[in-house]
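Going by TrEMBL, these are the annotated features:
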| type | residues | note |
| --- | --- | --- |
| BINDING | G105, T106, F138, D223, E224, I225, Q226, T282 | pyridoxal 5'-phosphate binding site |
| BINDING | R141, T281 | N(2)-acetyl-L-ornithine binding site |
| MOD_RES | K252 | N6-(pyridoxal phosphate)lysine |
Amino acid sequence: MRTENLMEESEVNILHTYNRFPVVLDRGEGVYLYDVEGKKYLDFAAGIAVNALGYHYPGYDEALKEQIDKLMHVSNLYYNEPVIEAGAKLVLASRMSKVFFTNSGTEAIEGALKAAKKYAYTRDGHAGHEIIAMNHSFHGRSIGALAVTGTAHYREPFEPLMGGVRFANFNDLESVKAQITDRTCAIITEVVQGEGGIYPADQEFLEGLRQICDEKDIVLIFDEIQCGMGRTGHYFAWQGYGVKPDVMTCAKALGSGVPVGAFVLNEKLAKSSLEPGDHGTTYGGNPLVCAAVSKVFQIFERDMILAHVQELTPYLEGKLDEIVDNYDCVAGRRGKGFMQGLVIQDRPVGEVINRALENGLLVISAGSDVLRLVPPLVITTEHVDEMIEKLKKSLE
Ligand SMILES: *Cc1c(COP(=O)(O)O)cnc(C)c1O
């Protein structure tokens with residue numbers, strides 16, 4: 001009753017851009033969520049790969065409350081300590097050079113594209129450069145990020161978008177080479193495609209991109225918004241490949257619950273791209289969100305979150321592979337670390353997800369037929385077992 005009333009009220013006032021699940025979430029505890037009726041859910045969606053530490057992780061809330069009592073927002077016209085500390089931690093984790101904090105993933109992409117364009121503009125003395133992006137990629141909903149998102153039906157109603165974008169096929173180096181012109185200034189790709197259906201990059205693909213970009217002085221941008229911040233068992237997925245980008249974007253789990261993103265530049269780009277006046281944000285990297293970022297890095301180190309993901313991944317993958325072996329409607333598994341997808345056949349993936357919800361398990365979809373599992377990074381074997389039991393019930 002309560003749920004239905006709230007759903008109705010939501011539809012009155014909130015623009016209907018999401019077909020939401022019929023549940024009103026109320027509070028979280030550990031890796032569980034509770035709805036307004038008191039029903040408990042095991043959360044293997046984590047706010048779409050945001051809540052890396054689950055809910056009320058020891059020390060996290062306290063750090064934020066302390067910062068609220070001190071200072072929540074000041075303008076970027078002034079220095080503040082939380083952003084200085086958060087920036088140092090992100091530079092250390094990425095071994096890159098300089099950070100710009102944003103409010104979201106899509107804004108991080110906008111900044112990364114601007115940095116690449118400005119780098120080429122400075123080098124060549126003129127604008128008019130092109131960017132190569134991948135089919136089935138997802139980079140966000142603002143106009144620039146949408147322009148490099150490789151799903152035509154997301155883009156079409158909003159065209160003309162940012163011009164000069166060419167699309168190649170993910171994991172197909174020849175198709176990338178075919179799109180290169182003397183105007184190409186950047187290649188942008190996820191390291192593990194998320195929304196497109198959980199496709200990890202091949203080692204040779206990333207190495208090949210790095211080589212092409214080195215040869216032609218093209219800026220290599222890795223979008224780590226979903227696959228970064230420990231999800232693959234490394235701070236950033238590219239670190240597992242040993243292929244370093246010139247520019248990296250992150251968001252989602254960066255603040256593990258507060259709206260914050262960032263683009264991070266290597267030394268070459270930091271020295272010769274965006275200058276005072278070229279870019280800005282009112283909220284980006286304010287003291288509140290940066291206190292969260294610093295605390296997240298501190299907790300990752302203190303509680304060895306990356307090692308935990310690496311240790312538990314074989315168990316999770318093994319259990320999911322058993323599902324693939326035992327259920328005809330599950331055609332395969334793809335993924336890295338705690339970013340896993342099961343390919344569903346013979347029935348809509350949405351049907352399985354709705355049944356999982358009824359059975360007290362939150363999972364989401366990716367692409368047209370993939371059931372996506374992006375749990376908090378702090379799950380244990382017991383949570384994996386519970387997920388598997390609930391998933392089995394939902395597949396029967
Ligand atoms: C979610 C996502 C984005 C967009 O982030 P928002 O915070 O929703 O703007 C961009 N790239 C990837 C890979 C994502 O998963």
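Heads up, the Cβ atoms here are built off N, Cα and C, so glycines get one too.
From a predicted model like this one, the values you see are computed outputs, not experimental measurements.
Here the features listed in TrEMBL are placed on the structure.
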{"residue": "G105", "record": "pyridoxal 5'-phosphate binding site", "DSSP (3 states)": "helix"}
{"residue": "F138", "record": "pyridoxal 5'-phosphate binding site", "DSSP (3 states)": "coil"}
{"residue": "E224", "record": "pyridoxal 5'-phosphate binding site", "DSSP (3 states)": "coil"}
{"residue": "K252", "record": "N6-(pyridoxal phosphate)lysine", "DSSP (3 states)": "helix"}
{"residue": "T281", "record": "N(2)-acetyl-L-ornithine binding site", "DSSP (3 states)": "coil"}
For the binding-site residues listed (T106, Q226, T281, T282), most other Cβ atoms within 10 Å of the Cβ sits at Q226
Which one, from the recorded positions G105, R141, D223, K252, has the smallest tally of other C-beta atoms lying within 10 Å of its C-beta? R141
Listed binding-site residues are D223, E224, T281; which sit with C-beta under 6 angstroms of ligand 1? D223
List every residue in the same chain as F138 (pyridoxal 5'-phosphate binding site), at least 6 positions away in sequence, whose Cβ is under 8 Å from its Cβ. T149, G150, T151, E190, Q193, G194, E195, G196
Residues with Cβ closer than 8 Å to the Cβ of I225 (pyridoxal 5'-phosphate binding site), same chain and 6+ apart in sequence? G105, A108, I109, H139, G140, E190, G194, T249, C250, A251, K252, G261
Would you mind pulling the longest C-alpha to C-alpha span across G105, T106, F138, D223, E224, I225, Q226, T282, which the record has binding pyridoxal 5'-phosphate, in angstrom? 25
Nearest to T281 (N(2)-acetyl-L-ornithine binding site) by Cα, among T106, D223, E224, Q226 (binding-site residues)? T106
Rounded to a whole number of Å, the separation of the Cα atoms of E224 (pyridoxal 5'-phosphate binding site) and R141 (N(2)-acetyl-L-ornithine binding site) comes to 16
Can you give me the Cα-Cα distance between T106 (pyridoxal 5'-phosphate binding site) and R141 (N(2)-acetyl-L-ornithine binding site) in Å, rounded to a whole number? 6
For the C-alpha pair, I'd like the distance in angstrom between T282 (pyridoxal 5'-phosphate binding site) and R141 (N(2)-acetyl-L-ornithine binding site), rounded off. 20
In whole Å, note down how far the CA of R141 (N(2)-acetyl-L-ornithine binding site) lies from the CA of D223 (pyridoxal 5'-phosphate binding site). 14
